[in-house]
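Look at TrEMBL and you will find 6-121 tagged as domain 'Tetrahydrofolate dehydrogenase/cyclohydrolase catalytic'. Feature annotation from TrEMBL assigns domain 'Tetrahydrofolate dehydrogenase/cyclohydrolase NAD(P)-binding' to 140-288. If you look up TrEMBL, you'll see Gly166, Arg167, Ser168, Ile232 marked as NADP(+) binding site.
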Amino acid sequence: METKIIDGKAFSEKLVETVAVEASKIKNAIGRPPALAVVLVGENSASKVYVRNKIERTEAAGMRSIEHRLDADTDQATLLALIEEMNNDDAVDGILVQLPLPDQIDEDAVINAVAPEKDVDGFHVVNAGLLATGQDSLVPCTPYGCLLLLRDQLGSLSGLNAVVVGRSNIVGKPMAQLLLKESCTVTIAHSRTKDLKEVCARADILVAAVGRAEMIDGDYVKPGATVIDVGINRVAAPERGEGKFRLTGDVDYDSAAAKAGAITPVPGGVGPMTIACLLRNTAVAAARRFNVDIADI
Ligand code: NDP
């Protein structure tokens, strides 16, 4: 059977179109479009690219983007004061503080300072707790994007064996919670897992969020499994010229694709879904704050 390549770029474009329709409904109801505030502290070059993309895509979806750029030496109190101001600003629906933050700032303190109803990253402990107890919450964007791709590919996920490799708060843990909510039998694997290959090779759904370039090869993949590669790694690509890089996932694409039933590529798989889900969360946050009925997106 031929392996299906899951086109996250095309799916994310459709999702953004749907979000734009819902955003315009919200605008009609409250007199302004949903608004996302993004805070960037310092000069991390990858973060600058992500933030630029987020701003462009927010505006393309008919929503308002508010940008705060702070110096790399900004202290924690200054950042917390800005967050407090945005929490109290009725014209701000979503707040995203781009991670990582400089060393002088405690990330957990910042994440938990954002009002949970404006926490479009879904990282606040209240949103994590709501998700873990199966209640409505703002769900972290990357795992939610993976879930949308899985539902589109497989329909019902009920009863499937899912293995998530990685247990971070931003990807692995919320991914596992979402799959559990879909009635998968979920295993969370990590750096101390014994016999990782055997564990993974039992998975109908294998999600790789490891942060190690091309670690998960075909030996980890059950024939016919659906493989979701969350990883984004920059590796040297001397074949493209001196000092050049290419992006690659946590999955060794060719060998995994030879066994999988379906697989996400990198780039063009999970990556574009993350921003689309951020826009979705912004629309959802605005709709909930002002009791506007929107479609289930
Ligand atoms: P973290 O570094 O926070 O977590 C990595 C996890 O992988 C940890 O739980 C770690 O285990 C586990 N791990 C590391 N090495 C191994 C190993 N040899 N065997 C088994 N498990 C291992 O990463 P993130 O969750 O933040 O990100 C994961 C990947 O996803 C990265 O490549 C990142 O770039 C990418 N990413 C992509 C996004 C997108 O939009 N597509 C968004 C966010 C992240 P332990 O806990 O024991 O240390």
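Note that Cβ sites are derived from N, Cα and C of the backbone, with glycine treated the same way.
Worth saying up front: this structure is predicted, and the values here are computed from it rather than measured.
If you take the C-beta of Gly166 (NADP(+) binding site) and look for same-chain residues 6 or more apart in sequence within under 8 angstroms, you find Gly172, Met175, Ile188, Ala189, His190, Val207, Ala208, Ala209, Val210, Gly211, Val230. Residue counts of the domain 'Tetrahydrofolate dehydrogenase/cyclohydrolase NAD(P)-binding' (140-288) by helix, strand and coil are 59 helix, 30 strand, 60 coil (DSSP-based). Secondary structure counts, DSSP: the domain 'Tetrahydrofolate dehydrogenase/cyclohydrolase catalytic' (6-121) has 59 helix, 19 strand, 38 coil.
A mean pLDDT of 96 is what the model gives for the domain 'Tetrahydrofolate dehydrogenase/cyclohydrolase catalytic' (6-121).
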